[in-house]
């Protein structure tokens, strides 16, 4: 009954005044012993009585904000004026300090700042990615000593006319042929319609008397024999491919002409291949 009275709000004084105890219908198992001469209770006058009149003096007499409902307990909200509301103005941009302004007025400034941060971040990421890719690619490139071996210098005066000399270049055989005037005229007179891989002799040489070729057969990679075959050029003993003095395929299973590497004449007596 006390809990109901506490939750009843403004009806609590009425309910507490009309509350009374009602004896239950069950009888206790053990009969209480009533003394023959009951003693009168002694009241401790030093302790205050918890009555409505004594507690009314301790109630808050200032204006309160109270909320009362039928199914909820009564609640009281006090006004705390000593609580300091945190201010985050130092962390906010100047464009958004005024809370009364519309967000559309500061949208351009906010977007500009966002674009600036995005642009700077993109440039930084691109620069870091460029350095990473450059280091990765440079680690796979050939070193200086390997690049030095990628080129070979050949002294042409050591090769007599009508002879072919073989060199090793990048792990492959390199043929340098000093042609005679007869061979030059013979190869220049060949019609392109007779060739499997049509290519004029002048398109394969920089100087008519010098022919520089990679000595690897275009069929299965065998090394041809110089000054041999039906056309007086090169002959592959593996499957019988015949090349002329310009390195063009004339007979046999090879599909293409012998490869011409990149070379440059530095002088009349020196050529650099590679």
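From the backbone N, Cα and C atoms, a Cβ is placed for every residue, glycine too.
Listed in sequence order, the residues of the same chain lying 6 or more apart from residue 217 ([2Fe-2S] cluster binding site) and placing their CB within less than 8 Å of its CB are 223, 224, 236, 238, 239, 241, 254, 258. Taken residue by residue with DSSP, residue 217 ([2Fe-2S] cluster binding site) is part of neither helix nor strand, so it is coil. Here Swiss-Prot flags 217, 219, 236, 239, 241 as [2Fe-2S] cluster binding site, drawing on similarity to another entry.
Annotation source Swiss-Prot lists disulfide bond at 222-238. The secondary structure of residue 238 (disulfide bond), as reduced to three states from DSSP, is coil rather than helix or strand.
Broken down with DSSP, the domain 'Rieske' (187-272) shows 8 helix, 25 strand, 53 coil. Annotation source Swiss-Prot lists domain 'Rieske' at 187-272.
What Swiss-Prot lists as topological domain 'Mitochondrial intermembrane' is 141-274, and the listing cites similarity to another entry.
Taken from Swiss-Prot, the feature transmembrane segment applies to 104-140.
The [2Fe-2S] cluster site, placed at the center of the C-beta atoms of 217, 219, 236, 239, 241, has further neighbours from the same chain whose C-beta lies within 8 angstroms: 218, 220, 222, 224, 238, 240, 252, 253, 254. Taking the binding-site residues 219, 239 in turn and counting surrounding C-beta atoms within 10 angstroms, the largest count is reached at 219.
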